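Feature annotation from TrEMBL assigns L-glutamine binding site to ASP90. The ATP binding site feature in TrEMBL is assigned to LEU223, VAL259, SER333, GLY334. What TrEMBL records for 1-177 is domain 'Glutamine amidotransferase type-2'. Annotated site 'Important for beta-aspartyl-AMP intermediate formation' per TrEMBL: GLU335, in sequence order.
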Amino acid sequence: MVVVVSSCCCGGGGGGRLRHRGPDWSGLFVDEAAGVYLAHERLAIIDPASGDQPLFNETKEIVVAVNGEIYNHEALKAGMKAHQYNTQSDCEVIAHLYEEIGEEVVVKLDGMFSFVLVDLRDKSFIAARDPLGITPLYLGWGSDGSVWFASEMKALKDDCERFVTFPPGHIYSSKEGGLRRYYNPPWFNESIPAEPYDPLILRHAFEKSVIKRLMTDVPFGVLLSGGLDSSLVAAVAQRHLAGSKAAKQWGNKLHSFCVGLEGSPDLKAAREVADYIGTVHKEFHFTVQEGLDAISDVIYHIETYDVTTIRASTPMFLMSRKIKALGVKMVLSGEGSDEIFGGYLYFHKAPSKEEFHKETCRKLKALHLYDNLRANKSTSAWGLEARVPFLDKDFVNLAMSIDPAVKMVNVKEGRIEKWIMRKAFDDEENPYLPKHILYRQKEQFSDGVGYSWIDGLKDHAASQVTDKMLANAKHVYPYNTPNTKEGYYYRMVFERCFPQVGVVLCLGFARDLVFCIYFIELLTSVC
């Protein structure tokens, strides 16, 4: 029996566990003869009136449940033979395109997606995840031989003997009996690129990516921290909003949102950017105690015990609730830039352009475990969708083809981190941003919302975890053993939420500290 649990969905009693991801509609498809069960919780962004899932082809022999957005759905339709579409959903094109070209459908899609498709003609099925893992997906196996898929682990933990993170850029085919990678860009094998840097080409590619993500039938906005990445997203979106379909529905003024402790750096910087580019800006304040009170809920929703991810997820989780309360259902966000352009401060220690590029490749490959997971699950916890223009497939492939030497920090030449993006948008005649914002140095999101936030977390963890507990951590948690009280505290909370052994084994972490040490060792050996 194949139990297919796809998108924002689950089988058995798990549907309710994922209702937060899709509060607008619950859909169910059952074919007992084929042994197939598809359940879907819908967050309606495109065609809210009739785009309920699961979706079908004309004959209803192909059924698909999807979490995500297909930005090129209109272009795909234009290049296909005539089909009868039952909805205006961007995702319905998957069923019809599969009917024409089969499993190669995944190569044609431009967007963020996780989906399961069942072909009732031969009782086969496929599951796929977008190239960089923007949307989450998990794969599990039941003791009865069933195969399960779900957007979150909590939908699988009681029904599967084992489950794993579904790898980005892969397809699972029942005909082949396993996974294969369909996304094979040149950068994936970490070969060193040599394309020259052209600031206008890079700028236009990013603008195209942002414009593409203005596709919506519901109120939307942008997350604005005042740092380079979110400010560029907001500036480009505001500049190109006028005349778009979204503007005709919701007006020419972009709404922006920021969160922080009272007096935090992000609040001040975001307010300045919002005033400069002309967004309707809303800032949300939280206290350290409110953040601490939310930790258990945050860990339950984002399904990780990674320290850095939890630090950054908590303010985003609190902000998302308030954004959704305003009636907004989609936001643009700035994740991905630091991985593509080596924006983290430890990249300053890269001993060569080869090592710099290889590290950006490794960071991109692991992004689904950290920032993508945070951005998706912190927002989806409240029925809010986050779109990430920096992780557009075409933009990533372009940016990763540039000679990495020009991405590296060079103090003598006045290049700071992410200089090539800063230079690309440094327009003297028609500025996108104020100079001091355009060249503002990187802050971690969890620092930018207020420095006392991290101190408060550490103090709280120290009050919950004794020295003796930490000393014996390797015996209590032999896998991914925490080495700080903060890490130990998050692990305790995580295992209260997810006591099943399989959940812990599903996660794998290799954070910046490991790579930073690696760089330092390389630098030492070179010197």
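The backbone N, Cα and C atoms fix where each Cβ goes, and this holds for glycine too.
All annotation found in TrEMBL is predicted automatically rather than curated by experts.
Mapped onto this structure are the features recorded in TrEMBL.
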{"residue": "ASP90", "record": "L-glutamine binding site", "Cβ within 10 Å": "25"}
{"residue": "LEU223", "record": "ATP binding site", "Cβ within 10 Å": "26"}
{"residue": "VAL259", "record": "ATP binding site", "Cβ within 10 Å": "29"}
{"residue": "SER333", "record": "ATP binding site", "Cβ within 10 Å": "27"}
{"residue": "GLY334", "record": "ATP binding site", "Cβ within 10 Å": "24"}
{"residue": "GLU335", "record": "site 'Important for beta-aspartyl-AMP intermediate formation'", "Cβ within 10 Å": "26"}
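Per-residue confidence over the domain 'Glutamine amidotransferase type-2' (1-177) averages out at a pLDDT of 88. Across the fold, the C-alpha of SER333 (ATP binding site) and the C-alpha of ASP90 (L-glutamine binding site) stand 21 Å from each other.
Taking the centre of the Cβ atoms of LEU223, VAL259, SER333, GLY334 as the ATP site, the nearby residues of that chain (Cβ within 8 Å, site residues left out) are VAL222, LEU224, SER225, SER230, PHE257, CYS258, MET316, VAL331, LEU332, ALA375, ALA386.
GLY334 (ATP binding site) sits 23 Å from ASP90 (L-glutamine binding site), counting Cα to Cα. Between the C-alpha atoms of ASP90 (L-glutamine binding site) and GLU335 (site 'Important for beta-aspartyl-AMP intermediate formation'), the distance comes to 23 Å. The two recorded residues, GLU335 (site 'Important for beta-aspartyl-AMP intermediate formation') and LEU223 (ATP binding site), have Cα atoms 10 Å apart.
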